[in-house]
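Listed in TrEMBL:
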type	residues	note
DOMAIN	72-144	domain 'PA'
SIGNAL	1-21	signal peptide
TRANSMEM	171-194	transmembrane segment
TRANSMEM	215-240	transmembrane segment
TRANSMEM	246-268	transmembrane segment
TRANSMEM	289-306	transmembrane segment
TRANSMEM	312-329	transmembrane segment
TRANSMEM	341-361	transmembrane segment
TRANSMEM	402-422	transmembrane segment
TRANSMEM	434-457	transmembrane segment
TRANSMEM	463-480	transmembrane segment
Amino acid sequence: MGAAALLWAALWALLLPPVTADEGILHASGNGMPPVTKDYCIIYNSNWMSLPKSLDNATFRALENLTSTVLCNSSEVPSGLMKDKAVVVMRGNCTFLEKARIAQSSGAKMLLIASKPRLSPLSDNKTDFEDVTLPVALIRYSDIVDMQLMLGNEVNVTLYSPPLPEFDCSMVVIFLIAVFTVALGGYWSGVAELENLKAIASPGERETRRKKEENVTFTPVTVILFVVICCVMLVLLYFFYKWLVYVIISVFCLASAMSLYNCLAALIAEIPFGQCRIACCNKNIEVRLIFLAIFCIAAAVVWAVFRNEDRWAWILQDILGVAFCLNFIKTLKMPNFKSCVILLGLLLLYDVFFVFITPFITKNGASIMVEVAAGPFGNSEKLPVVIRVPRLEYSASTLCDMPFSLLGFGDIIVPGLLVAYCRRFDVQTSSSSVYYVSCTIAYAIGMVLTFVVLALMKMGQPALLYLVPCTLITSSLVAWRRKEMKKFWKGSSYQVGWMP
């Protein structure tokens, strides 16, 4: 179960910016005293026209509500009614171009097309709009109704499209979650290692300890096989996404519920209260652990049912995701630095290939990794193998939808395995956590570097491209400086002797 869960977690090792379309803001102002204002989302096509970047350069127009018509024929509107006004009509069977030409010939200065279905990009041919000079935008019909209720019938409106902020505070939240998870997962692995070492000194406890441990150790051969399977699975997801996405969702529910249980059970074990037991299947089980299992299963089920509720489901997904990453950083053990180098190096190549090289292979020129991340062919279901944090800065995107900054589980788990190895090596050599602390700091620096490149390039980044060199080079320098490279490379005799 552990190796399989890491497999699909590593399938998405990518840091993505929020997905943006040509989104803008309709700023509406009523005629009351003081005037009441409100912003609404619009969708426009920047290839047809450009909108002002701020309200300072925008021109207000009186709004004429003509949602009783679709404006597919000039005879639908009385002469002179639209002159020098912003006009809103319903979306109908005719094209946006036909509506725009009728509105422009009638003297309108702005055309808003109200849509009851979900807003979609405006995609008519650019050359057809060369003779259209008025702004054309799509707006939700419900927003027009709200505008009348909030501002009255006499409303002045203008359009503008402020640029996305270069930096969003959601990046800070992503950074804190990632570094916290890696650091805590590595520390937890070190605690387990210390307990294993203590068990060696007590032969009576050794067999009991071995039965309690459910660890999976990667050898160089299994690492290579694992990366090959990752490549195959990602390609299968690209071609069969609409079926496999539900398999991934099911696996995530099962794995995250188990992981949340293991994480909380480790905390509950430190509480010396409520330890009453009941007999079940020839075993004595703590009652509090039964309630804990029910709670963890319920959390996963609630997420599965409400996973598309963007307003709050992301919180539950992040909690389950952090538990998943923590459990597997602790459970999946690298036997030595050699295996870490092979795993991180191959996954780095995997990440770079599927992000930067596959656009030269695919027919539509899109990378397989980004396509799978976004849900290929417009699939509304998304893979739940990410930490999601909504953007916190106000912009057209936050007004139109709830865009998220995303970090794949693979960008936490894969470097986290190296951090965990460093922590266990510290425990085995009594090196005062120097490897663990150094590698954790290197991971944090790698994350900051990833965010900087993401802001500069404004495209999805394979985060392992920056995390892997930072963590591997730092660990190597610490081992070289302490003259322990040979031991660090091969691993301790304890791991060789006692890990199955």
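Just so you know, the numbers here start at 1 and follow the chain as drawn.
Glycine residues also receive a Cβ, built from the backbone N, Cα and C atoms like all the rest.
Take the transmembrane segment (171-194) and the stretches 215-240, 246-268, 402-422: counting Cβ pairs under 8 Å, 402-422 has the most. When Cβ-Cβ distances below 8 Å are used as the criterion, the transmembrane segment (341-361) is approached by residues 10, 13-14, 218, 220, 223-224, 226-227, 230-231, 234, 334, 367-370, 410, 414-415, 417-418, 460-465, 468, 471-472 of the same chain, each at least six residues removed from its ends.
Put simply, of 246-268, 289-306, 312-329, 434-457, 463-480, the stretch with the most CB pairs closer than 8 A to the transmembrane segment (402-422) is 463-480. Count of Cβ pairs under 8 Å against the transmembrane segment (312-329): among 246-268, 289-306, 463-480, the largest is for 246-268.
Under DSSP, residues within the domain 'PA' (72-144) fall into helix, strand and coil as 20 helix, 16 strand, 37 coil.
Confidence annotation: the domain 'PA' (72-144) carries a mean pLDDT of 83 in the model.
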